[in-house]
Ligand SMILES: [Mg+2]
């Protein structure tokens, strides 16, 4: 499979998981099942009253990270931060608690370091939400050096989330994404990488009933990995992820990123892709990242 197909797969995987799961956000499993059954179609609605195909913070912050990296690949943090603020100032429907506090902190102190520590204090030292994991995939899609992927993945996390659990999850997730982008085998990569982290080392043998879906980054990544491991295509991985509840749009987005990169863009249902309202923006970003990949390939 061409790298370009994996790059677009990753971006659309995030968006489709986000748009599908947005319908179920903040519903209990019981409420959601009664109203939607096992949700498989992007229909919008839910607490945000989404349009069909409308995405939430997961995809919009992913776009912010991608555009920051494209603007200044060597040192993208300033641009990423600037994009976060521009997005936040549009008064988006769905903003996570930690991100919201960090944005307010930044406006107060004009420093991301102070912003993240302000949010951490306001949350009584609980800033290990999944808000940085959901947006980090562009770092793995863009950089060709794993060390740089990890550095930027963690640094973009620390802009808003002081807790190292959030940065650690970004590191693990994007290392897996990076290896898939380079054509490596599904389970071998997960086995090797999860063994390095106490929170994730048992994921291959975890049963569905043992999962605890929530907005805590460790729960989110465990759930997304489980849904990806235990299915064999993008549609099933994303459907399993959003129908697990807890934090359905974000668990869907993370599982969608894994599945999208591994199986490629063509494996994501066309009926979903066509609905995504920001699809042109995602294609534009995908093309810009691909250009870099092609330039690098030609210069070798
Ligand atoms: Mg969201």
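Placement of Cβ uses the backbone N, Cα and C atoms for every residue, glycine included.
All annotation found in TrEMBL is predicted automatically rather than curated by experts.
DSSP assigns residue 57 (Mg(2+) binding site) to a helix. For residue 57 (Mg(2+) binding site), the count of additional Cβ atoms within 10 Å of its Cβ stands at 25 [all protein chains shown]. Here TrEMBL flags 56, 57, 58, 247, 249, 250 as Mg(2+) binding site.
Sparsest Cβ environment among the binding-site residues 58, 247, 249 (other Cβ atoms counted within 10 Å): 247. Comparing the binding-site residues 56, 250 on other C-beta atoms within 10 angstroms of each C-beta gives the minimum for 56.
Proximity to ligand 1 at the level of Cβ atoms, with a cut-off under 6 angstroms, picks out 56, 57, 58, 249 from the binding-site residues 56, 57, 58, 247, 249. Other than the site residues 56, 57, 58, 247, 249, 250, same-chain residues with C-beta atoms no more than 8 angstroms from the centre of those residues' C-beta atoms, the Mg(2+) site, are 18, 21, 22, 25, 94, 96, 134, 252, 253. In the three-state DSSP reading, residue 249 (Mg(2+) binding site) counts as helix.
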